[in-house]
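I have a structure here, written as structure tokens, and I will follow up with some questions on it.
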Amino acid sequence: MQAILIGFMGSGKTTVGRLLATELETHHADLDELIVKRAGKTISTIFEERGEAYFRQLEQQTLRDAIAQPGILSTGGGTPTIAANAAILKASPVPVICLTASDQTILGRVAQDTGRPLVDELGTQGLMALKQKRAALYRAAADILITTDNLTPAQIVAEIKARILQPVHRVAANG
Ligand code: S3P
């Protein structure tokens with residue numbers, strides 16, 4: 001992998017990951033999509049039939065496989081909040097980029113989407129409590145934090161490119 005995107009549901013991981021991969025002319029993988037492929041079921045069906053704990057097992061196995069592949073990986077909102085997954089991310093040399101956004105922005109985005117079992121289960125207040133509870137875990141897992149509220153996907157991608165390419169420029173300038 002060249003970069004891994006983490007962040008709460010609705011933070012833009014998939015949209016930004018796809019665009020970043022296009023601009024870097026590399027492959028994009030979305031962890032949720034890989035899980036759906038692996039299970040042959042939607043995320044909602046996995047939660048419904050087997051529960052969240054089973055989903056987390058699948059998520060961890062899929063993360064282990066995906067992290068070894070080239071390209072950009074967009075994770076699920078819960079991925080880095082599980083200790084074993086956080087350890088997998090920390091052990092990888094790939095930059096971990098956390099996209100953050102205000103409660104208002106997140107709610108505006110996830111309200112329009114379907115297929116997120118936790119959104120249906122927790123409701124607005126529960127979801128925002130979960131976001132707050134997870135914030136420190138995202139920060140701990142991230143190498144780079146980007147606040148996306150007033151940025152377009154293209155602007156976010158430009159910011160990520162500048163930040164992940166920066167050390168290379170510095171080395172080149174010095175050497
Ligand atoms: C989850 C986020 C979802 C998906 C699953 C659980 C979470 O991914 O992995 O519904 O625990 O926050 P997105 O962040 O892509 O919606």
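Note that Cβ sites are derived from N, Cα and C of the backbone, with glycine treated the same way.
Note that the coordinates shown come from a computational prediction; the quantities given were computed from them, not determined experimentally.
Features from TrEMBL:
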- G10, S11, G12, K13, T14, T15, R116: ATP binding site (BINDING)
- T14: Mg(2+) binding site (BINDING)
- D32, R56, G77, R134: substrate binding site (BINDING)
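How about a rundown of where these features are and what they're close to?
There are 24 other Cβ atoms within 10 Å of the Cβ belonging to G12 (ATP binding site).
Cβ neighbours within 10 Å of T14 (ATP binding site), excluding its own Cβ and spanning all shown chains: 17.
Note on R56 (substrate binding site): other Cβ atoms within 10 Å of its Cβ, all shown chains, come to 17.
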At 10 angstroms around each C-beta, which of the binding-site residues S11, T15 has the fewest other C-beta atoms nearby?
T15
I'd like to verify something. Among the binding-site residues S11, G12, G77, R116, R134, which ones have a C-beta closer than 6 angstroms to some atom of ligand 1?
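The binding-site residues passing the 6 Å Cβ test are G77, R116.
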Of the binding-site residues D32, R56, G77, R134, which one sits closest to K13 (ATP binding site) when you measure Cα to Cα?
G77
Determine which residues of the same chain, besides G10, S11, G12, K13, T14, T15, R116, have their CB within 8 A of the center of the CB atoms at the recorded ATP site, and list them by sequence.
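Other same-chain residues near the ATP site: G7, M9, V16, S74, G77, L99, R109.
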Determine the Cβ neighbour count for R116 (ATP binding site): the number of other Cβ atoms within 10 Å of its Cβ.
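So the Cβ neighbour count for R116 (ATP binding site) comes to 19.
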